[in-house]
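Visitor: One structure follows; several queries about it will come next.
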Amino acid sequence: MKPRLVPYLFIGPALLLLVTFGVLPIAVALIVSFTDMNLAGLGDWSRIQFIGTDNYTKLFADRAFWGALSNTGLFAAIGVPSVVIASLLIAIGLNRSQGRFFRALRSFYFVPAITAIVAISLVWGYLFNAQFGLFNYLLSLVHLPPVAWLSDPLIVKFSVVWVAVWRGLGLNVIIFLAALQGVPKEYLEAAAIDGASEWRRIVSIEIPLLRFAIFFVTITTVIAWLQFFDEPFVLTKGGPLGASTSISLFLYQKGFSASQFGYASAGSVVLFVIIAAITLFQLRLRRADADY
Amino acid sequence: MPTTEPGRRRRPRASTVIVGALLTVGALVTAFPFLWMLFASVKPRGESVAYPPHLIPSEPTFEFFAQLFNELDFGRYLVNTLAIVAICMLGLLLMAAAGYGFAKFTFPGRDALFFLVLATMMIPGQVTMIPSFLIINGLNLTNTLIGISLPMLVSGFAVFLFRQFMATIPTEVLEAARMDGAGEWRIFFSIVLPMSGPILAVQVVLTFIAGWNSFLWPLIIANDQKLYTLSVGVSLLNQQIATNPSLQMAASTLMVVPILIVFVVFQRYVVQGFTLSGLK
């Protein structure tokens, strides 16, 4: 074995897979988005026609696409602040004590993040059930009327977000906890000696020092919500009448249920551009922030 | 450090007790769906659709677990899922090798290639879903376990973690082994991998969790029921929500309990994995 080749042999296989399924797909999506590829084209490539920007024109005229886009915007608008603020508060609370009890509590918050989404969505579907679900029973105990959690076009949006927030907390709590452990104890002690209240120490010392973690969690949470898929897919299949269809779910339906690969690829490209633009925007904000 | 030790240390302050109580309530609310799932999985059907609902089953039964395996082929789904987890463990070796290559060798194009690895972390899975399907289809690998596993085999993030960790292995150790005439692969398998215990443990646990839970991709690639994974099988039970919640809860329990066990046993590594990612 030639020594100069050795490093390439080590990185080769992993890199090949990463390029094939991580980088190449962007190019494939772009090319396919200019064609009318569908199930027939999948079997016989000669039946694929180049149709220019037709898919994009059609996409921007598709009310279902705009519906999915605005749903995704709404999901992110509710989901991102909820996840970031709640996980920050929980992490600050959990960080108050290193005792055994507090450490045991951490696991409870973390478990939803690692369990299978299909399994937990089924459980939530059961709790949300309009006839025998627990939530409506709890409402009836306080004399409130039953709620159509998954079949009302407005309420369903909040139901799927609720499940996703519940699932999204754990990971971010862990990230914030790791960051909180990096806050120098001396700062907090010095502030305590100077008579700063607890609240004051949290607001003036811990939160400013967590700036990077908050930024990181916000950026990853925004991206995660733009890709929101699992909860509506399992709980509602995007219904009723598309009320809980996210962009990702729209792409899945067009691509795999309707086999319109060209059309769905155009949607993928649009999603990619949106995610890239938002990420770049956030990075720019971050840079402005660092200058200050 | 322990503030809860009775007697010698001062008692925890009132504010800590209040925060602890609030967090306990939150933790119970968070864990409640799992508790509900466990109890509901052993409720006879009549009890699971009874109104008002009860948490604790009065006549527990394991018939639905038996039904999953006897009538619904969950045994096969379980084997498929374990096969995918096993294949993903092979992917782990590829990623470890790549991490080592990036950490301990200098070669033309290294920085550019490593940047490429990092760039793949930013590309969302839903964007690559359709093209990846077309690629797998072009390779004639749809409806194969290999096709299901290939795109899940490597992640840029794991390569990054391996590289970070392996950069801390002293180069002298590797040089000494080379002097003694050890081949490059031998160095990798008998020196580098054993020295990477902590990061390997993290990755094994994360890989197990990811492989076990993988849902969307197996759903897309497996059209043949013989290749369904547990997650795909469980999602198909969704149509039965109105008719048989107990069966669904039994299937959910089957998926969740192994992960809970892995989590409880290897909790330290799971958390370490997220800490190691250098998010400070």
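A Cβ is built for glycine as well, from the same backbone N, Cα and C atoms used for every other residue.
Sharing the record's features from TrEMBL:
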| type | residues | note |
| --- | --- | --- |
| DOMAIN | B:77-266 | domain 'ABC transmembrane type-1' |
| TRANSMEM | B:17-39 | transmembrane segment |
| TRANSMEM | B:77-100 | transmembrane segment |
| TRANSMEM | B:112-139 | transmembrane segment |
| TRANSMEM | B:145-166 | transmembrane segment |
| TRANSMEM | B:187-209 | transmembrane segment |
| TRANSMEM | B:249-270 | transmembrane segment |
Visitor: Test of understanding: applying the rule of at least three C-beta pairs under 8 Å (pairs 6 or more apart in sequence), is the transmembrane segment (B:77-100) touching the transmembrane segment (B:187-209)?
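Guide: Counting Cβ pairs under 8 Å, at least 3, so yes.
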Visitor: Which sequence positions outside the transmembrane segment (B:17-39), separated from its termini by at least 6 residues, show Cβ-Cβ distances below 8 Å to it?
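Guide: Result: 55-57, 249, 252-253, 256, 260.
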Visitor: Let me spell it out: take the transmembrane segment (B:145-166), skip the flanking residues so only those 6+ beyond its ends count, and list any with a Cβ under 8 Å from a Cβ in it.
Guide: 80, 83-84, 87-88, 90-92, 94-96, 98-100, 102-104, 114, 117-121, 128, 132, 136, 139, 192, 196, 198-199, 202-203, 206-207, 210-211, 214, 217-218, 221-222, 227, 229, 273, 276-278
